[in-house]
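Heads up, the thing below is written out as structure tokens.
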Amino acid sequence: MWISIKTLIHHLGVLFFCDYMYNRREKKIIEVKTMRITKVEVDRKKVLISRDKNGGKLVYENEMQDNTEQIMHHKKSSFYKSVVNKTICRPEQKQMKKLVHGLLQENSQEKIKVSDVTKLNISNFLNHRFKKSLYYFPENSPDKSEEYRIEINLSQLLEDSLKKQQGTFICWESFSKDMELYINWAENYISSKTKLIKKSIRNNRIQSTESRSGQLMDRYMKDILNKNKPFDIQSVSEKYQLEKLTSALKATFKEAKKNDKEINYKLKSTLQNHERQIIEELKENSELNQFNIEIRKHLETYFPIKKTNRKVGDIRNLEIGEIQKIVNHRLKNKIVQRILQEGKLASYEIESTVNSNSLQKIKIEEAFALKFINACLFASNNLRNMVYPVCKKDILMIGEFKNSFKEIKHKKFIRQWSQFFSQEITVDDIELASWGLRGAIAPIRNEIIHLKKHSWKKFFNNPTFKVKKSKIINGKTKDVTSEFLYKETLFKDYFYSELDSVPELIINKMESSKILDYYSSDQLNQVFTIPNFELSLLTSAVPFAPSFKRVYLKGFDYQNQDEAQPDYNLKLNIYNEKAFNSEAFQAQYSLFKMVYYQVFLPQFTTNNDLFKSSVDFILTLNKERKGYAKAFQDIRKMNKDEKPSEYMSYIQSQLMLYQKKQEEKEKINHFEKFINQVFIKGFNSFIEKNRLTYICHPTKNTVPENDNIEIPFHTDMDDSNIAFWLMCKLLDAKQLSELRNEMIKFSCSLQSTEEISTFTKAREVIGLALLNGEKGCNDWKELFDDKEAWKKNMSLYVSEELLQSLPYTQEDGQTPVINRSIDLVKKYGTETILEKLFSSSDDYKVSAKDIAKLHEYDVTEKIAQQESLHKQWIEKPGLARDSAWTKKYQNVINDISNYQWAKTKVELTQVRHLHQLTIDLLSRLAGYMSIADRDFQFSSNYILERENSEYRVTSWILLSENKNKNKYNDYELYNLKNASIKVSSKNDPQLKVDLKQLRLTLEYLELFDNRLKEKRNNISHFNYLNGQLGNSILELFDDARDVLSYDRKLKNAVSKSLKEILSSHGMEVTFKPLYQTNHHLKIDKLQPKKIHHLGEKSTVSSNQVSNEYCQLVRTLLTMK
């Protein structure tokens, strides 16, 4: 039996109309049909929902006109599909679905044999409500009296109507006439549901103080500011008759059979009966109505009816005390969320004009700002490592930074400097250079944490920096602050020296990747003389462009596919080889990669004709393929004047629409496949057009050629970019790439020519930093004082008896080899933590046993064997069911995996992986603390505004009952009337009163106390890395959850993000239930993720990482 539930949901900015059905026989809920209403195309225009404080409406993209009526009319066919799914309970019965669909829409009337339907037991295929008589009142009924009620027995009606059919096939004209009773019901149903959805859209407003809920929250806020309790949960419970309701709910629960999957429906029905009894009170009393809403949410949370595979809830969640506790928390949280929302709108100065477009714009701006803040935190941590590694406070604070020079070690500073900069520095220049680096980070950090409209020009074009020194003036020691222009210091020479070296850096990259060993100067110059070519540091201006690795490997698959099973014939010629163990191929691959990023992408993603020709080719080819033409049918053509970036945004938005829907995963693959094919074909055409196909045929040079190579390079970067370049030099490649990607997304919305130019140059700066950012040390003496220091360091990772041989020393057994992983952990400050980790067990060190694993067998033979077996499976998929054959396949991939894990350990690559994992985890935590900083501003400034205070905060400040801070930095607190004056509570009694009221209000709401501020600081300042914090990474995640406890979604997101990061590193983690661990994160299992071979259902699989590596990571997460 089926029960239907209708709901309208607004999820991730997309409006859906959902049909859920519960099957009593199979005891599960399924989502029968989800009808998307927004972010679909109608008349080739994207539909969006636009909301403001007055209500919602459906609009077309880039238009504000209300088109709700027109769009809903266009969506009528989707309603017909919904009715079909509502009528037929077994979606797999195609004949019955075609029959019903033909009744509802003439253009869906297909040729159906009468016998194909009459042979079925029709009743078995009907939804439960149609198995017996159904009663309804037409919409135009004057009232709901008996005389207007219409009865339908669909099963009988269908049988009688089918008996009247005389021919072999259904006669739609006569059949529709006989089925008129059902058709009328369907039209009535669609009409009523259309009105319901329109009403839901109209009511989908952005919450405001004018709404019923908003007025209640506004009243609560006044009570809190007046030091009164906003609500009395006991009093509201009595008015609501909560005791009566809980008794009824528990009685319903106890009457149900064990494992009764319908119990949650029955509980909801009991609540609805209670609501009907007090309906008048709910209408008149806003507080009571809000209380009722929270009771509903409580049942939905603990006794859900829409969740697949749900379990029967716990009766303890129906106890009056438990409900009161949770509802009390929900109401308090609702006040907090309203404060945050109003604070956000006030901060962005859009309270009166707020709509969905402005909220979307804020979302984009905040995502970029938070990414920028994270970059500042990472850069400041690297600066701290250079100046004063054990500093626990904010190193960017001018006083703290000045004091750090008392502890600075010049030799260590110069060593750290050389890992970030190619230019040499002397001891005499250290102090000035340090202040210059601080000046490149601090102004950006202090400006961007305001989280309001920023002066991007000020961000990227900072001309000066400050230096604070103690000087003796008139016999007294005083702090004197001086200001320097970047263009008048050593930084100007450093900056232009790096700019001038760009062509040389490109040549060096070609030399290290063996390109110069296989291509002549003439051939390379041909690359650099492509029409309109100029070496670009911008790469692509289009977000979501596929990586070269994906383009090449997919291109290879298409070009070399088995002719017996053709996929798409894209007419490719350049993807001829895939032999990564071949030096010649690596040279070919590297040169193609350089052309792809430096030449192809900048042109392809800005040249409309070039991009459009590739899109047209792929779409035309798809239409010509018999049996496969539906793959890209949902993708429209590129318009004549449409920019590649605009078309890619459309494709990406279409792809994102489907990624949350399980049943449409295939369509996700189609969109991704389409994007890949456009770039694969585009790159192939670009290479052929510019006569660069010789790259496919590398030929060994007798002598490497690097003379007479001319690389044209021009940039508009100038003195104004020096400061931003300095900050970028303190970021790693991942941080730079992520920052650039966010910048590309954000800059798409810019209108001002000046702003676009500023962002373009900023992206060039990032490109420059990336070009030389990951340079490694060339000599072991750059990292170590002597061999003894090298040996002491390396013996943490490698057994001492192995240090005198390859790959740790050169063939002479004496000269140390610089390991890139060791270089990396020293550069970015994870050395202290990883040394502690590897010191915890000798098992983690490289041993002779690990070296021996590399020589057990020839891994190239194993790889060839796997490729051969895989080809056999492609030709004969049935082999996956042959146990002997699959065992052979499994053994081969086990051997390959064991070799790769041993190689990763021996070459210390796993040290680099652990470094990156540590940075990823700490960076994500720092990002969450940036969100907490933002929310502190929003909530505090809203409260200060309600107090009519003339002060506002711009960061999370300490609010202490016993000890008030007298002075605040200008980036912490400012005066609305005069932002330039120094703020001091000592000189302004009213400020002291305002801050006290702010503290009391936040304390009542359990927000942002000083204990949490300390946790926030430890995370934001990366204090874990200096090894003195006394917390494990897992405990830091607990601290982050504690800081964000004011928002349940954010709090839950913290632990989810830990799972996501570990997943991206090849591991799966499960935590012990929180109720068993006093709500602390405790690892239950940490194991490798599986890679499934021979299809998802095959038992043949391999682990992404080794079990030993999982143990290392588990120790890392729990180590203090």
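We count from 1, first residue shown onward.
Cβ atoms are placed via backbone N, Cα and C, with glycine included.
Not measured: the values here are computed from a predicted model.
As annotated by Swiss-Prot, region 'HEPN-like fold 1' applies to 354-496.
Here Swiss-Prot flags Arg445 (among others) as active site, drawing on similarity to another entry. Residues near Arg445 (active site) in space but far in sequence (CB under 8 A, at least 6 apart, same chain), listed by position: Ile373, Cys376, Leu377, Ser380, Leu396.
Look at Swiss-Prot and you will find His450 (among others) tagged as active site.
Here Swiss-Prot flags 908-1120 as region 'HEPN-like fold 2', drawing on similarity to another entry.
Annotation for Arg1016 (active site): same-chain Cβ neighbours under 8 Å, separated by at least 6 residues, are Met929, Ala932, Asp933, Trp956, Val1043. Per Swiss-Prot, the feature active site maps to Arg1016 (among others).
For the recorded site, His1021 (active site), the DSSP three-state label reads coil. Every protein chain shown contributes to the tally, and the Cβ of His1021 (active site) ends up with 23 other Cβ atoms within 10 Å. The feature active site is assigned by Swiss-Prot to His1021 (among others), with similarity to another entry given as support.
Arg1016 (active site) falls within a helix when secondary structure is assigned with DSSP.
Residue counts for the region 'HEPN-like fold 1' (354-496) by DSSP state, with H, G and I taken as helix and E and B as strand, are 87 helix, 21 strand, 35 coil.
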